[in-house]
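If you scroll down you'll find the structure; I have some questions about it.
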Amino acid sequence: MRITLPLLSTAVGLGLTAAVLGTGPAATAAAPQEPVRAAQLGYQPSAGSGEDAAANRAFFEAVVKSVAEKRAANPSAAAAVTVYYSATNAPSFRSQISRSAQIWNSSVSNVRLAESSSGADFAYYEGNDSRGSYASTDGHGSGYIFLDYRQNQQYDSTRVTAHETGHVLGLPDHYSGPCSELMSGGGPGPSCTNPYPNSTERSRVNQLWAYGFQAALDKALEKASQR
């Protein structure tokens, strides 16, 4: 599927259809509205493209920017990089979200996920959406993950959530991968229930948050010093 890149908004993740994004998702707790032009990475393995990689980078960079700006405002904070999320608008998936955070926190060392009641770097939402589950950002530090009810019944819910969270940490989709690869998403089919990243995925996340974050932090510190 050809994906139209957005002017302002990008969506990445596990969508059951190849529909182009319109307004925000039809969630129980309405997710932020998106511009009409946006990109979606579908759940079907054939949906991948070079433009998908650009979409994923946009989401990752938005989250990194949000975290870096907070660190720049408080340089004396602990050395560990922490990405804060809100699960307030996805109460039905609270256990899966918590489990996903635990999985990633036990798998990588350069970044940690933690829930926050305010000032989160991204948020989870839930509801019914023909596009399925996906991650979206406006490219300016505001992002969210949408978890679709039907898709989370058809596929292992913890795997879906951990997969979407992988986009937050910088990983792209790789539908042709085996079940042992978390970012293969729905490629291996509904029988795949593995919610863990493999060694290559773990290594990649550690690299991204060691080098990519430092560059973003340097930029944020420079910007803060000019104020």
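Counting begins at 1 with the first residue displayed.
Cβ coordinates are placed from backbone N, Cα and C, and glycine is handled just like the others.
Quick caveat, the model's predicted, so the values are computed rather than measured.
Found this in Swiss-Prot, in case it helps:
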ACT_SITE  Glu164  active site
BINDING   Asp156, Thr158  Ca(2+) binding site
BINDING   His163, His167, Asp173  Zn(2+) binding site
DISULFID  Cys179-Cys192  disulfide bond
SIGNAL    1-29  signal peptide
Which of Cys179, Cys192 (the disulfide-bonded residues) has the most other Cβ atoms within 10 Å?
Cys192
Roughly how many angstrom lie between the C-alpha atoms of Cys192 (disulfide bond) and Asp156 (Ca(2+) binding site)?
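About 7 Å separate the Cα atoms of these two residues.
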Ranked by the number of other Cβ atoms within 10 Å of their own Cβ, which of the recorded positions Asp156, Glu164, Asp173 ranks first?
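It comes out as Asp173.
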Measure from the Cα of Asp173 (Zn(2+) binding site) to the Cα of every one of the recorded positions Asp156, Thr158, Glu164, Cys179, then give the nearest.
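So, spelling it out, the nearest of the recorded positions is Glu164.
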What's the CA-CA gap between Asp156 (Ca(2+) binding site) and Cys179 (disulfide bond) in angstrom, rounded?
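The separation of the Cα atoms works out to 12 Å.
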Between the Cα atoms of His167 (Zn(2+) binding site) and Cys179 (disulfide bond), what distance do you get, rounded to the nearest Å?
17
Compile a sequence-ordered list of residues in the same chain as Thr158 (Ca(2+) binding site), six or more apart from it, whose Cβ lies below 8 A from its Cβ; state 'none' when nothing qualifies.
Gln96, Arg99, Ser100, Ile103, Thr193, Pro195
Based on DSSP, name the secondary structure state of His167 (Zn(2+) binding site): helix, strand or coil.
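DSSP assigns His167 (Zn(2+) binding site) to helix.
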